[in-house]
């Protein structure tokens, strides 16, 4: 007798909802839902007598009780204490506005002055530097009468020592005069700082020191080797080593951090490499069997719904139980290849409540490099003087010998055609296989060379009187020297397996054996 299959009942929550109103609920379901079991009563009676809330145990707020959390090794916090302020050892400087320097007003305008400015013709001023007169009064050194300087000598046996007093040098006075002319058309800066370079504003001229005149004495500054600044038209382009693939390289640390917490995390996401090229264009065909829809774009996130009763294995085993397949993401591998990735979500386990549980899967495919083909070695066809020549085949034109006097097509007509009318070309031209050649400044010549389709080899020469062609001869002979055997040698040579002899024996020289037939 077959044993009946045990049917598992529904959860206690669902049974309690339906049987509570009817009053047919089992006791275990009521105790479990209403929390009246023995374990629940022990917790209720025990919590009424013992209170552990101040110790921060179980479901407290985490504030540490009434006293709060106190770090180990430190005293309590003083309430109302004042922090000690340490004065700085250095007195800071007073910050305030700088001294105001009075500015003199140049050419003040009186209230009674007319506001109308008369127009005058300004003569062209010479901006070139002219002769600057420099007046220097140099006073000569006054003459000083010579005086006898006493010389002290000693008579001891030591070395003689001469004590010479230095001559006093009188101070010299040098005076330099300067003359300045006022020009209302320009504003001149008469004082400048001894800096290298010159800067000017619009409608201003800066006159720096040292531009003219004579310098007496040393300049007092050392010459420093200066570097010339390149103009805006001169520039150099340096190739980076190694060549970069982007104008703004990404930091390696940031890229490694993103890669570690992204799709390549093997602890959280399963890594699956896809070899099928359909993954790049139509990844949905790897998950389920379906018809192609050209209006549907595969660049969006796809959701696949599948009933458990009608389970069908996907075309690719790696895409089993995949419910969600994300949009493509492009990245670069450490080896420099382009990677196309899609993040998928599996739905492997399904509970009775309808929740589905599954792992995340990273489907990726690395694109291979496009190898450059080897260059094709081109052969030199010939050298010419520059004149163009076109060689046409025999299919482009046809020559037919026609007698103009005889017209077999016009025999049935009474009207005789004029000989000039026969010169008109009424045929329809077909330019489907033609080539249009547009010449340049040089003259072009067209030559028609017939082409015969024959098995024999032949050479054709094009007559050209305008240019010079260099022809490279080629060996077109196909005949080979035929070696005929000597008449005294046999025509047929038979190789035998006999290794004892050092010659080949002709079959005609062998001894013939008569065949004996036995008759019954």
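Including glycine, each Cβ sits where the backbone N, Cα and C put it.
Taken from Swiss-Prot, the feature disulfide bond applies to 19-25. Within 10 Å of the Cβ of residue 25 (disulfide bond) there are 19 other Cβ atoms, across all protein chains.
As a whole-number mean, the pLDDT of the motif 'Nuclear localization signal' (1-10) in this prediction is 74. The annotation motif 'Nuclear localization signal' is assigned in Swiss-Prot to 1-10 (among others) on the grounds of sequence analysis.
Feature annotation from Swiss-Prot assigns motif 'Nuclear localization signal' to 511-519 (among others); the stated evidence is sequence analysis.
Within the chain carrying the motif 'Nuclear localization signal' (1-10), a Cβ under 8 angstroms from the stretch's Cβ atoms is held by none of the residues 6 or more beyond its ends. Each residue in the motif 'Nuclear localization signal' (1-10) gets a DSSP state, and the totals come to 0 helix, 0 strand, 10 coil. Within the same chain, the residues at least 6 positions away from residue 19 (disulfide bond) whose Cβ sits under 8 Å from its Cβ are 25, 26, 29, listed in sequence order.
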